[in-house]
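Worksheet: the structure to be examined is printed underneath.
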Amino acid sequence: MSSQKRADSSSSFDQAERRSLDENERKKKYFFNREGSGIDNFETDDRVNEIINEQNEENVIDQSRWSKLWRIWNVGYSWFILSIIGTTVGFAAYMLDIVTSWLSDIRRGYCTSHWYYNEKFCCWYSETMGSSCTAWKPWTYKFSLNYLIYTAFALLFVLCAAIMVRDVAPLAAGSGISEIKCIISGFLRDSFLSFRVMLVKCVGLPLAIASGLSVGKEGPSVHLATTIGHNISKIFKYAREGSIRYRDICVASAASGVAVAFGSPIGGVLFGIEEMSGGYDPKMIVYSFFCCLSAVGVLHMLNPFRTGQVVLFEVRYSGSWHFFELLFFCFLGIFGGLYGEFVMRLFFLIQKLRKKYLSRWGVLDAAFVTVITSLVSFLNPWLRLDMTLGMELLFQECKSSSSPELINLCDPSLRTKNTILLLIATFARTIFVTFSYGAKVPAGIFVPSMAVGASFGYMIGLIAEMIYQRFPNSVLFLACHGSESCITPGTYALLGAAASLSGIMHLTVTIVVIMFELTGALNFILPTVLVVALANSIGNMLGKTGIADRSIEINGLPLLEPEKSINSSNTINIPITEVMASNLITIPSIGFTWRKLLGMMEGYDFSGYPVVLDSRSNYLIGYLKKSSLKSSFEAAKLEPSFTFDQQLCFGKVDSVGDSKSSKFGESDRIDLSAYMDVNPISVLHTQSIANVAVLFEVLSPSVIFIEKDGNLVGLISKKDLLLASKYYQEDNDLVNPANRHRAVSTERINDSYENIELKPLKLNIE
């Protein structure tokens, strides 16, 4: 295409505007090459076309004689797939619970009667009845040897987990919630949900937890459940990746992961709504609820805790709370907010240093953190215990258990000592969490944060109890009426756990419901709501978002949030022309052959190409995805009349003349309109970045076209808009992000069409 022709086709977009865009490109290209590295690992879906395709399928079914049977089949098939996913998630959770508890206890001793029993089951099924358990034996009665064995087992477990992650599935490291949130929002990454990742997550998670690292299973359980849903839907060919149905499966699977991790089906559904999906969809909620019920039902049937309960620990408090305790409860809420912000800031600082100095030494990094954690934890009873067991003891009333640890904790003469031990445990575990969560092993942060809050809460309860014992007749304690047991420290541990979890995740309703389902403490509704709301408010004032959203932002993961664009003064008034791709590779509706089309696809590997009326007018008539072009080419090759110089057309074009065209058959032209999106989404060039962000969020197309005076002047993809919004929110001078991929010379490609040599490269055209 000559320079004059290119100028004619660009007449609707004046040269001054183009010079401005080119100058921006030169000044800002570095930023987008740097920030786009994480985004490029993801593919974008096209939800608009998926909705249209599903509607077309519905129309075909409606025209069938068996439409009612087809609809019954489709509905029943959906519930069948969800039940399979829920059942598999429940069984996986059962195995995780059993294996994790055994590995955690084997560091401290073994069962003489049944080697495969953990300490709790060993004592339950032992023939010896009484306060002491003789069937469970420590490895040795020497403190130094037990210390060494405890650390050696921890090192062995973490090495196995870290090596598996490094050599088999690096994407299995960490929690996975941030990436899954991006996938649900429309940025797809099939490798993150692969069978290999699922396998490593299943095997590596119990090892990582049993190693003594301050990590939990809840976040990885969400990732594991989503990989299960993804792979089952692929086996049954139930949902196309990127479709609305696929999104619902991912949300339902993620919700079931939380449900089985906490034994909280309603909490799992709320987690899917509040944290993962970012919106309210009745169908998605019903799917999530059914999947959670299936998973928790299977877990209840398998009964991993041998108590008939699916919750980690059930609490029954004989008394209630007093209004004067709200003062102490508020302190717990403030602590939760401060804890969350402190851990997040320190964690991301450590991660920055890890990426800079330890990116090649993930296994040694995890091993070093584990050894230090084990050496310190063994010296403190509340760090040495498994975190869930420790919380179970801290949540109890003193008169409700005969556990040796709880007996010591409830001894009035040991209050000062226990307060110091809990303070040390709180501080040490907070530091451990910041180092452990970023290790290259499967790792969650829910339970470690709850354990920190529980130890701190019980410590505050002991302090409140000591104040009451010192001043029983104070005005502050009039509601106690001189009762000996007026304050229950276990309730403070419960509320502290809720506050810390809210502070780190910035969730509200989900945490309140999870705590109720987890413990059954329904008479503490008001205090729980108070501490969660206070912790979340403190966190919002200090950091705005929780650790999952902040990980998305810091790691450069793609998540388009239009509310940020709308509320940002930097993007609300900036026209979309500042960030669009203006040098486009287009397909004219006339004068194009297979030879030119294939050469263009090999030379310019984009996900799709706009189709225009002709090279001069740039009037947009449709959009062709590369996958659709490949499908049309494979079908056309089967026709006897196929040649590489055969003319292509896209529907009825008046200027072509009388030559015939057909989809495939005896003609001099082939009509590809059936493979083209004939209703692409386009906006005027005067629209702002914020408005276009809303369109991407609501409709989720793969690309939006920009028009001026009826002609195509540019396009913007979801990835490019995401980078642009981020750049503006950082108050920088913006460049055209799309030119990371599309900064090519329109003149060069069109002039080269005449000299293309056919090469059997990416496309099998021989």
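All positions are counted from 1 along the displayed chain.
Quick reminder: no glycine exception, Cβ is built from N, Cα and C everywhere.
Taken from Swiss-Prot, the feature domain 'CBS 1' applies to 580-641, supported by sequence analysis. Averaged across the domain 'CBS 1' (580-641), pLDDT for the predicted model comes to 84.
The domain 'CBS 2' feature in Swiss-Prot is assigned to 676-734.
Summarising the annotation, Swiss-Prot assigns region 'Disordered' to 1-22.
Among the features that Swiss-Prot reports, site 'Mediates proton transfer from the protein to the inner aqueous phase' is placed at GLU275, with the record citing similarity to another entry. Within the same chain, residues at least six positions away from GLU275 (site 'Mediates proton transfer from the protein to the inner aqueous phase') with a Cβ under 8 Å of its Cβ are ILE177, LYS181, MET505, LEU507, THR510, ALA548.
Positions annotated as topological domain 'Cytoplasmic' by Swiss-Prot: 1-78 (among others).
With helix defined as DSSP H, G or I and strand as E or B, the topological domain 'Lumenal' (100-144) counts 15 helix, 6 strand, 24 coil. Swiss-Prot lists 100-144 (among others) with the feature topological domain 'Lumenal', giving similarity to another entry as the kind of evidence.
Taken through DSSP, the topological domain 'Lumenal' (189-196) splits into 6 helix, 0 strand, 2 coil. The feature topological domain 'Lumenal' is assigned by Swiss-Prot to 189-196 (among others).
The annotation topological domain 'Cytoplasmic' is assigned in Swiss-Prot to 218-252 (among others) on the grounds of similarity to another entry.
As annotated by Swiss-Prot, topological domain 'Lumenal' applies to 274-284 (among others), with the evidence given as similarity to another entry.
For the topological domain 'Cytoplasmic' (306-322), the list of distant contacts is 121, 124, 260, 262-264, 296, 299-300, 329, 388, 391-392, 395-397, 399-400, 479-480, 485-486, 488, 490-491, 494, 517-521, 523-524, 527: same-chain residues at least six beyond its ends, Cβ to Cβ under 8 Å. Among the features that Swiss-Prot reports, topological domain 'Cytoplasmic' is placed at 306-322 (among others), with the record citing similarity to another entry.
Taken from Swiss-Prot, the feature topological domain 'Lumenal' applies to 344-362 (among others), supported by similarity to another entry. Sequence-distant contacts of the topological domain 'Lumenal' (344-362), counting only residues of its own chain at least 6 positions beyond either end whose CB sits under 8 Å from a CB of the stretch, comprise 162, 165-166, 173, 433-435, 437-440, 504, 543, 546-547, 550, 554.
Residues or ranges marked as topological domain 'Cytoplasmic' by Swiss-Prot on the basis of similarity to another entry: 384-418 (among others). When Cβ-Cβ distances below 8 Å are used as the criterion, the topological domain 'Cytoplasmic' (384-418) is approached by residues 101, 104-105, 108, 131, 150, 214, 216, 312-313, 315-318, 377-378, 447-448, 450-451, 454-455, 457-458, 462, 465-466, 488, 490, 493-494, 497, 519 of the same chain, each at least six residues removed from its ends.
Listed by sequence, the residues of this chain that lie at least six past the ends of the topological domain 'Cytoplasmic' (464-486) yet keep a Cβ under 8 A from its Cβ atoms are 319, 322-325, 328, 415, 419, 492. What Swiss-Prot lists as topological domain 'Cytoplasmic' is 464-486 (among others), and the listing cites similarity to another entry.
The topological domain 'Lumenal' annotation in Swiss-Prot covers 508-520 (among others).
Annotation comment: Swiss-Prot describes 544-766 (among others) as topological domain 'Cytoplasmic'.
Here the transmembrane segment (79-99) has Cβ contacts under 8 Å with residues 202, 205-206, 217, 221, 224-225, 228-229, 232-233, 236, 238, 249, 252-253, 256-257, 260-261, 287, 290-299, 302, 304-305 of the same chain, all six or more residues outside its ends. Sequence annotations record features per position, and here Swiss-Prot assigns transmembrane segment to 79-99 (among others).
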How about the transmembrane segment (363-383) and the transmembrane segment (323-343): do they have 3 or more C-beta pairs under 8 A, pairs 6 or more apart in sequence? no
Using DSSP, how many residues in the topological domain 'Lumenal' (344-362) fall into helix, strand and coil? 15 helix, 0 strand, 4 coil
Recorded stretches the transmembrane segment (168-188) and the transmembrane segment (443-463) touching, at least 3 CB pairs under 8 Å: yes
In the same chain, who gets a Cβ under 8 Å from the transmembrane segment (145-165) while lying at least 6 residues past its ends? 103, 106-108, 138-139, 172-173, 200, 203-205, 207-208, 210-213, 362-363, 366-367, 370-371, 373-375, 378, 384, 439-442
Sequence-distant residues near the topological domain 'Lumenal' (189-196) by C-beta distance (under 8 Å, 6 or more away from its ends) are 41-43, 168-169, 171, 176, 179-180, 182-183, 226-227, 230-231, 241
